[in-house]
Amino acid sequence: MQVPGTMPAPVLKGQALWLPLLLMLSPQASGGLVITPPGPELVLNISSTFVLTCSGPAPVVWERLSQEPLQKMARTQDGTFSSTLTLTNVTGLDTGEYFCTYKGSHGLEPDGRKRLYIFVPDPTMGFLPVDPEELFIFLTEITEITIPCRVTDPRLVVTLHEKKVDIPLPIPYDHQRGFSGTFEDKTYVCKTTIGDKEVDSEAYYVYSLQVSSINVSVNAVQTVVRQGENITIMCIVTGNEVVNFEWTYPRMESGRLVEPVTDFLFNVPSHIRSILHIPSAELGDSGTYICNVSESVNDHRDEKSINVTVVESGYVRLLGELDAVQFAELHRSRALQVVFEAYPPPTVVWFKDNRTLGDSSAGEIALSTRNVSETRYVSELTLVRVKVAEAGYYTMRAFHEDAEAQLSFQLQVNVPVRVLELSESHPASGEQTVRCRGRGMPQPHLTWSTCSDLKRCPRELPPTPLGNSSEEESQLETNVTYWPEDQEFEVVSTLRLRRVDQPLSVRCTLHNLLGHDMQEVTVVPHSLPFKVVVISAILALVVLTIISLIILIMLWQKKPRYEIRWKVIESVSSDGHEYIYVDPMQLPYDSTWELPRDQLVLGRTLGSGAFGQVVEATAHGLSHSQATMKVAVKMLKSTARSSEKQALMSELKIMSHLGPHLNVVNLLGACTKGGPIYIITEYCRYGDLVDYLHRNKHTFLQLCSDKRRPPSAELYSNALPAGLPLPSHVSLPGESDGGYMDMSKDESVDYVPMLDMKGGVKYADIESSSYMAPYDNYVPTAPERTCRATLINESPVLSYTDLVGFSYQVANGMEFLASKNCVHRDLAARNVLICEGKLVKICDFGLARDIMRDSNYISKGSTFLPLKWMAPESIFNSLYTTLSDVWSFGILLWEIFTLGGTPYPELPMNEQFYNAIKRGYRMAQPAHASDEIYEIMQKCWEEKFEIRPPFSQLVLLLERLLGEGYKKKYQQVDEEFLRSDHPAVLRSQARLPGFPGLRSPLDTSSVLYTAVQPNEGDNDYIIPLPDPKPEVADGPLESSPSLASSTLNEVNTSSTISCDSPLEPQEEPEPEPEPQPEPQVVPEPPLDSSCPGPRAEAEDSFL
């Protein structure tokens, strides 16, 4: 098809042969190709339309990216051919090379191709996109490559960086091609700044391919020099030691000969350098300097060139202009950049209102000038959190001895509008006036609007604008004032309403470029009916009542409820992350635990909490060997709710289910009929472990101090060490002085009557317990004396062995609970009680603790949790297992070896505590703990609970740290306890037929279901119990001293051992004083206040 007005195009077969002939015969061939508008570069505005025309003596065509875009070809009357390319709605992607060539020539002829480069600055596109394969650049040692990070705006300053390195590389940059040079095997990123935003290019990866060739690099000390300065160019060759240098430079043909200097770089192998030095350069020395290197062995050649410019004098040239007015938003940071070229390096000074600016000490103004290339500089003014006072006239001046340049602009600080005042008044004229005043920059616009049929203007409904109202209804007056000292405009507008018949909402709205602000006021008639006032008052009272009820309901829901912390596991999922707990209310209750209320005489309150209290009492008939026994009774307060009564009954059933153990506060009996529920447990006269450690800390520290003396001075039996005075009772501020536990007393009643008792009520003043006095002065009464063969030593001195012994006993008790699949959930030193002879027992006295005032418990919803003692899985996933108790045991160890310290003393109980636990933070080694003890703590604090040691393993680990005497004494006391007529042992025997065949507490196998026949209608209940195993997995039976802790294989009533409930009194003569034993010679311990390491020969306490 032939285009009208054009000649038929030659056929493609002979087109390449006819084209030179046409060029020679054409009368305009000498003119060649002509591009309109001429190049070589054009900068187009984004979204504009542009027309390119190419003409020549033969058919021409436009090409881009090896393709021919859509274009229009024509032939004029004088025989000239032309092609028109229309670029419509240009974007940054239109940036690139455009070629005009003769159709079918493919650029074969020298004059048959002409190039034009077009830039389309696009603020959203810093760098032109590249194909993925262009991101990987392969080179040889002699190959110069180009990193093609091309920009859409030639005015942008582009720097090349190694990835994650802020220092730019001194590589020449071409806006049309990118960075060209020799690169190392690294990852490179191009950077530029568009406005206030720094833009990074894609990462380019350079890989070198090793070839046996020479590699040449050329660099100059300066590529720009002034006339009369020296030119020094270095040509460096790597990879070969026998090369020939040939230089080509501008004035070589005119007869100026320069002898280069060649030397070896001895500190770098295979590096040869040739230096071309031209002193006193002249203008004619400007041009290209070429270093040609050759070697004759493999006939390898390589050459590199560099351009050097000689200027007559120095210069300073600004690149690009800033708008005359620059804007900054109030309290936002603003950076202003000026780009310029200069040689030699200039001095840069910034001025504000003709006053020199310096770096502000407060960091509010930052000035910096950086050299991005040899002669290009960027000077930046940064205003941090712009203030109104920083508006003004700014000037940047760059100068040196030869030239100077400066750029000035005005900075305007835009301030968001704000309505400062909206008020109404009632002038004497009868009108109602509304006045609105506001400020902002740039000048705000004020509009008035009303909602005539509503009391206020809803945001979703457009109000009625004022301004078109008639003169009879309203009158508007607006004044605008500029305040130079505040650099902002103030608008004051007055609206006069001539008649208001009903309440009317009037809105004043201010807006400018940064947003808008509004306020509303309700205009009421002069004579507002009394009915409206009454209705408003009633509505306000109703709203206040509803709000008060909501607050009361929320407070009632947040009130903590008592719940038993101990849980019995019924089954475990296959992955070990889901546990099903036994419902305690479904456990049977054996009536053999019942004790008639008339056999119990209540005394004073030992501890009182938010839900209940613990009372000292005397029980009659609990033991065959003792007519009376001092006990502790747990009960609820009279204000207890039904759910709390149910929780106390659950605690009773769990305690009766567990059975007796030496290191657990054992159940002795209960009163559940004919009155409130009483749980009767063992009485521990020395209170909780925290308070015990605080009271006896001075004896421990004194003992450690004495151990630094020669061993001959250290005699420790049942008496105090030499030089240590008898400890007098010292009451520390905020601590109890040997009390049952550290609890607040919220009642002033010292003696608790038996409530709701059938028959006669007994009130008795129980003999004042000596636990309130220093226990070293305590002398047991005749009924309380115990057989010395089974009593534990009652030395008042606290030793390192005692600390390890406490830990060992708690581990034994927790091993027993774990064998019963019981999870404690609140294991802490405050829930460990101290009995005669430093025997410890695990308990849970949350009932009698005011947890709402106890700083150890943190409110979480409607409950209080001991977060500092809880394992991570319990805090974050509410997962409680025996292994989460292991974590708490590690915290308890830290308490013991800090002598009663509070865990995590350096962490506040807020988000910082939770974050520290998630990051794996653990407490440091206590001062009094040995490395072995701290290693046990760290094992207990493993992040994954599956790899924490079980309590059976913890017993073995702690057992190794104790002397043989201690372990034998403990085993003897445990066996005596199990052979005694202790009420807990006797009732467990009566409750379980076939008593000698009870399971070992070390049996931690999976849960089976064994039928138990209770006395009162519970025959259908199946209670979960561990199944028996013939042997223990951890080793021979006799290897664990805790084996006998709950084994009831020998039954007799020869003696009774209970916590503070001694045996039947026996008549025995007063012991004669024994001669003082000879002191043993022991190595002197290290001078460490912690007294680490148990020393059996120096410790005769406990056990």
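From the backbone N, Cα and C atoms, a Cβ is placed for every residue, glycine too.
Positions annotated as domain 'Ig-like C2-type 2' by Swiss-Prot: 129-210.
When pLDDT values are averaged over the domain 'Ig-like C2-type 3' (214-309), the model yields 85. The domain 'Ig-like C2-type 3' feature in Swiss-Prot is assigned to 214-309.
As annotated by Swiss-Prot, transmembrane segment applies to 533-553, with the evidence given as sequence analysis.
According to Swiss-Prot, the topological domain 'Cytoplasmic' annotation covers 554-1103, on the basis of sequence analysis.
What Swiss-Prot lists as phosphotyrosine is TYR562 (among others), and the listing cites similarity to another entry.
The feature phosphotyrosine is assigned by Swiss-Prot to TYR579 (among others).
Annotation comment: Swiss-Prot describes TYR581 (among others) as phosphotyrosine, evidence class similarity to another entry. Of all Cβ atoms in the shown protein chains, 13 besides its own fall within 10 Å of the Cβ of TYR581 (phosphotyrosine).
Around the Cβ of TYR686 (phosphotyrosine), the number of neighbouring Cβ atoms within 10 Å comes to 25. In the three-state DSSP assignment, the secondary structure recorded for TYR686 (phosphotyrosine) is coil. The phosphotyrosine annotation in Swiss-Prot covers TYR686 (among others).
According to Swiss-Prot, the feature phosphotyrosine maps to TYR716 (among others), an assignment based on similarity to another entry.
Annotated phosphotyrosine per Swiss-Prot: TYR740 (among others), in sequence order, evidence recorded as similarity to another entry.
Feature annotation from Swiss-Prot assigns phosphotyrosine to TYR751 (among others); the stated evidence is similarity to another entry.
Look at Swiss-Prot and you will find TYR771 (among others) tagged as phosphotyrosine, backed by similarity to another entry.
Residues or ranges marked as phosphotyrosine by Swiss-Prot: TYR775 (among others).
Annotated phosphotyrosine per Swiss-Prot: TYR934 (among others), in sequence order, evidence recorded as similarity to another entry. A helical conformation is recorded for TYR934 (phosphotyrosine) in the three-state DSSP classification.
Residues or ranges marked as phosphotyrosine in Swiss-Prot (evidence: similarity to another entry): TYR970 (among others). Annotation note: TYR970 (phosphotyrosine) sits in a helical segment as assigned by DSSP.
Residues or ranges marked as phosphotyrosine in Swiss-Prot (evidence: similarity to another entry): TYR1009 (among others).
Comparing the modified residues TYR934, TYR970 on other C-beta atoms within 10 angstroms of each C-beta gives the minimum for TYR934. A Cβ distance under 8 Å defines the sequence-distant neighbours of the transmembrane segment (533-553), meaning residues of its chain 6+ beyond its ends; there are none. Taking the Cα of TYR934 (phosphotyrosine) as the reference point, the closest of the modified residues TYR581, TYR686, TYR970 is TYR970. With respect to their backbone Cα atoms, TYR581 (phosphotyrosine) and TYR686 (phosphotyrosine) stand 34 Å from each other. Taking DSSP states H, G and I as helix and E and B as strand, the domain 'Ig-like C2-type 3' (214-309) has 6 helix, 53 strand, 37 coil. If you take the Cα of TYR970 (phosphotyrosine) and the Cα of TYR686 (phosphotyrosine), they are about 19 angstrom apart, rounded to a whole number.
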